[in-house]
Amino acid sequence: MQIMKSLIIGSFPNKVSSYPPPIPDSSSSLISTGSFRVSLRASKLNHSQSNLLRYNNGAFNESFLLSRKRNTRHVANAVSEQPMEPDSASPQNSLPNALNAFYKFSRPHTVIGTALSIVSVSLLAIQRLSDFSPLFFMGVLEAIVAAFFMNIYIVGLNQLSDIEIDKVNKPYLPLASGEYSVKTGVIIVSSFAVMSFWLGWIVGSWPLFWALFISFLLGTAYSVNVPMLRWKRFALVAAMCILAVRAVIVQIAFYLHIQTFVYGRVAVFPKPVIFATGFMSFFSVVIALFKDIPDIVGDKIFGIQSFTVRLGQKRVFWICILLLEVAYGVAILVGASSPFLWSRYITILGHAILGLILWGRAKSTDLESKSAITSFYMFIWQVKL
């Protein structure tokens, strides 16, 4: 290229002379002609190279733009075909999340236990086949719904009072985990307390209303953190609260609701009702003791003097097992004294099998594992039911 440039530059004068050029001789004419031809060829070569460069640039730009369009189209297709991650705040997921949070907030094992206890004690008021009437089923349904509302109030108030403790013991609960704000918890608890009393009042059953009212008083005194209350801090008083609600009120008050209000009969307490009340007293004491075993860490931190904190997990665990086995033993003795052969066999065999299952499960429970203890606690609720 440098040679071409020098030839081109050298073939022309640096400045235009005013004098006419001399007549060249043959040799100089030959050189000049050769220089002109070389210059012309170089010019054509540069022109063709420039055109080729423009063409290549244009083709490259066109190819680049086309490639970008194709890539953009492919990316758009890939994004459109790729499944989108569900948004937890979308309407499709908001309802399931809300139901799941309320499910955890309601402590479903207590709800199910209360409902089945009401059904079982209501059946004790049945004297003849004709007693299975729409009036009976409506009375049982009213009792279950009103008790369900009050149960939500009691367990919800306990969670509102134990937010910091539950962050240690039960961090999955809605208030402890932050799924529910304190305001939301207060609204839920207050609403269900009002609905429970409203239903008990419009039904017009005094045994039902008094059962709800006494449960309200004991549940409030058990949990609320004000002077002279928060009875859960004291192990014996806390156990008595649970015993009164689970064993006495649920058994006697709801039996009287069916016996006196639904059927309009005289308030009498037959042997099955007395036995059910005594049997459930054992279970209520066990529940009151056992529920604190997996919560020992948080209770120690926040000064809750439960029996587990005072006596230790292992000792309280086997006290609970002993009480349950005694309850099954008493049930076997009562069943053996039954005048009906079929009732005798069912009662003896049923409670003997449950006692053996309970003992085997207790022996295999790892007392160093919180999850194992919690699982056994839920097993006790199942055996109770």
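Along the chain as shown, residues are numbered 1 onward.
Quick reminder: no glycine exception, Cβ is built from N, Cα and C everywhere.
Annotation source TrEMBL lists transmembrane segment at 110-129 (among others).
Packing against the transmembrane segment (135-160) from elsewhere in the chain are residues 105-107, 110-111, 114-115, 118-119, 122, 126, 166, 173-176, 182, 185-186, 188-189, 192-193, 195-196, 199-200, 203, 205, 208, 211-212, 215-216, 219-220, 222-224, 232, 250, 254, 257-258, 261-263: each is 6 or more residues past its ends and has a CB under 8 Å from a CB in it. The annotation transmembrane segment is assigned in TrEMBL to 135-160 (among others).
Taken from TrEMBL, the feature transmembrane segment covers 180-202 (among others). Within the chain carrying the transmembrane segment (180-202), a Cβ under 8 angstroms from the stretch's Cβ atoms is held by residues 101-102, 105, 142, 145-147, 149-150, 152-153, 156-157, 159-160, 163, 174, 208-209, 212-213, 216, all 6 or more beyond its ends.
If you look up TrEMBL, you'll see 208-227 (among others) marked as transmembrane segment. Taking Cβ pairs closer than 8 Å, the transmembrane segment (208-227) reaches residues 142-143, 146-147, 150, 153-154, 157-158, 160-162, 193, 196-197, 200-201, 238, 241-242, 244-245, 249-250, 253-254, 257, 261 in its own chain, all 6 or more past its ends.
Here TrEMBL flags 234-256 (among others) as transmembrane segment.
Marked as transmembrane segment by TrEMBL: 268-290 (among others). Under 8 Å from some Cβ of the transmembrane segment (268-290) lie the Cβ atoms of residues 117, 120-121, 124, 238-239, 241-243, 245-248, 250-252, 255, 259, 307-308, 316-317, 319-320, 323-324, 326-327, 330-331, 334, 377, 380-381, 384, all in the same chain and six or more residues away from its ends.
Here the transmembrane segment (316-336) has long-range neighbours at 275, 278-279, 282-283, 285-286, 289-290, 292-293, 307-308, 343-344, 346-348, 351-352, 354-355, 358-359, 362, 365, 367, 373, 380, 383, meaning same-chain residues at least 6 beyond its ends whose C-beta is under 8 angstroms from one of its own. If you look up TrEMBL, you'll see 316-336 (among others) marked as transmembrane segment.
Residues annotated as transmembrane segment in TrEMBL: 342-360 (among others). Residues 321, 324-325, 328-329, 331-332, 334-336, 383 of the same chain sit 6 or more residues outside the transmembrane segment (342-360) yet have a Cβ under 8 Å from a Cβ within it.
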- Same-chain residue ranges lying at least 6 outside the transmembrane segment (234-256) that approach it to Cβ under 8 Å: 113-114, 117-118, 121-122, 124-125, 143, 147, 207-208, 210-211, 214-215, 218-219, 221-222, 267, 269, 273, 276-277, 280-281, 283-285, 287-289, 305-307, 310
